[in-house]
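Database features (Swiss-Prot):
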- Asp78, Asp120, Lys121, Glu442: Mg(2+) binding site (BINDING)
- Cys119, Cys191: [2Fe-2S] cluster binding site (BINDING)
- Lys121: N6-carboxylysine (MOD_RES)
- Ser468: active site, proton acceptor (ACT_SITE)
Amino acid sequence: MISDNARAGMQQAPARSLFNALGFTPEEMKKPMVGIVSSFNEIVPGHMNIDKIVEAVKLGVAEAGGVPVVFPAIAVCDGIAMGHVGMKYSLVTRDLIADSTECMAIAHQFDALVMVPNCDKNVPGLLMAAARLNLPTVFVSGGPMLAGHVKGRKRSLSSMFEAVGSYAAGTMTEDDVCEYENKVCPTCGSCSGMYTANSMNCLTEALGMGLRGNGTIPAVYSERIRLAKHAGMAVMDMYNKGIKARDIITKDAIMNALTVDMALGCSTNSMLHLPAIAHEIGFDFDISFANPISERTPNLCHLAPAGPTYMEDLNEAGGVWAVMKELADIGLLNTDCMTVTGKTVGENIKNAVNRDPEVIRPVDNPYSKTGGLAVLKGNLAPDGSVVKRSAVVDEMMVHEGPARVFDCEEDAIAAIKGGKIVEGDVVVIRYEGPKGGPGMREMLNPTSAIAGMGLGSSVALITDGRFSGASRGASIGHVSPEAAVGGPIALVEEGDIIKIDIPNMKLELDVSDEVLAERKAKWQPREPKVTTGYLKRYAALVTSGNRGAILALPGEQNA
């Protein structure tokens, strides 16, 4: 056992005295020590129930012959951090979570791990740690929130953000907004649509790192407690069989996850996190991989914000495995990949059933013949940009309009709510990238304001920042290279014509190469927005959005 390094032999007698202080018995010190990574806190609705999940995991581990030991991971609520300086501190926690989990696991010589995440950066951060540490590892999330109900219709947090925009447009009263405020988030859990947290929890299943239902069983269901017990048992089965994280997180598994991503219509943030997870196993994931997969993968689900269904509906329809069965039946998945069940993907999903063909469309009747995401390139984004095309209305799939340029999110929001943005405009928000932000803030407030003002079918938004999974419309993010390093987005001027062609994966600035060269010669880097603390170090180490905003030493950032 790895844990013998910390517990066995005369040399470790001092360590055993400390285990005695923890209450360990001699019998327990002879059993595998399983770290339970708990992201419980009392500030994130998706994490307030995780203490109960952790207790269930502990019972499962002990039942199967292991000794469970809990240690913490941090988690930020993106909804609470949204629209102010706090959003600079969201994406950056992903790497803190990965690094701190690595430190705890190796310092204390755990034999296996159960990760208990739920929200946006917590899930990919722990997936990165799992791949890096390569121990027997199982994931069990806290689960999604139930949808709210307003005036007889299901609603969620994205509805709340758009209600604020509608109030600014004069189409909602303060009482209307208050009703949304009190009803859209009725339970604990990760917000109820196919936003980033639920996207990543579903993709954890697709990767093979979570048991069936990990991404979809609602947080308040007792079924999730049973799932957590089974996760504890499963990690001991993996330990006994010698199955480790990198036996599961492989290149083929990551490509499976990307395929499922397209079918589900996941958050654009998956195009930051999958490259980062891939990096941990030495797989150079190019975001352009998304396009050929998207071209052959039908979009089968239109969960909020793309449509009127929610995670509870996907769960009732058969969940992620039912979606995977649809894809496997037409040869789009590698079904030989290993999973935490000790079985292959094919063995797991062979009896999965699609119980609701409106929530999960059959492959012969998809919402669209192409997947939910697209990577756009052109002279405005030479290294790529990302759009959730499953949430773009038909009339905005091809668009041309004048640039309305803003150097920060706040200025753009003021212009949108002030009525200064009109039909046909292309809002450009720059210097919000990984380095420029720093921290690559989500632009949910601007996109929600555009939708709430009634401009969602006529105005596009382009940024070197990123978007919440709750954003919809022609929202094109992760523009790379970013403005802070002199990318073409830094050279856009007010009124320049921008051409968007999502079907052909093009994003072009209608300005000649000669003019762009003249502008580039005059361009000067901006002074850093943050000069102290973690964000200063992060800005120095972070790479571009097209590389997953992974951290690298300065000499390796363009590798």
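Keep in mind that glycine also has a Cβ here, set from the backbone N, Cα and C atoms.
Reported as a whole number, the C-alpha separation between Cys119 ([2Fe-2S] cluster binding site) and Asp78 (Mg(2+) binding site) equals 8 Å. Taking Cβ-Cβ distances under 8 Å and a sequence gap of 6 or more within the same chain, the neighbours of Glu442 (Mg(2+) binding site) are Asp78, Met82, Met87, Ser90, Gly465, Arg466, Phe467, Ser468, Ser471. Residue environment of Ser468 (active site, proton acceptor) contains 31 other Cβ atoms, counted within 10 Å of its Cβ in all protein chains. The number of other Cβ atoms within 10 Å of the Cβ belonging to Cys191 ([2Fe-2S] cluster binding site), over all protein chains shown, comes to 31. Within the same chain, residues at least six positions away from Asp120 (Mg(2+) binding site) with a Cβ under 8 Å of its Cβ are Val76, Asp78, Ser90, Tyr195, Thr196, Ala197, Met200, Asn269, Gly469.
What surrounds the Mg(2+) site, by Cβ distance within 8 Å of the Cβ centroid and not counting Asp78, Asp120, Lys121, Glu442, is the set Val76, Ala81, Met87, Ser90, Leu91, Cys119, Thr196, Ala197, Asn269, Ser468 from the same chain.
In this structure the C-alpha atoms belonging to Cys191 ([2Fe-2S] cluster binding site) and Lys121 (Mg(2+) binding site) are separated by 14 Å. In the three-state DSSP reading, Glu442 (Mg(2+) binding site) counts as strand.
Listed in sequence order, Ala75, Val76, Asp78, Ser90, Leu91, Thr93, Arg94, Ile97 are the same-chain residues six or more apart from Lys121 (Mg(2+) binding site) with CB atoms under 8 A from its CB.
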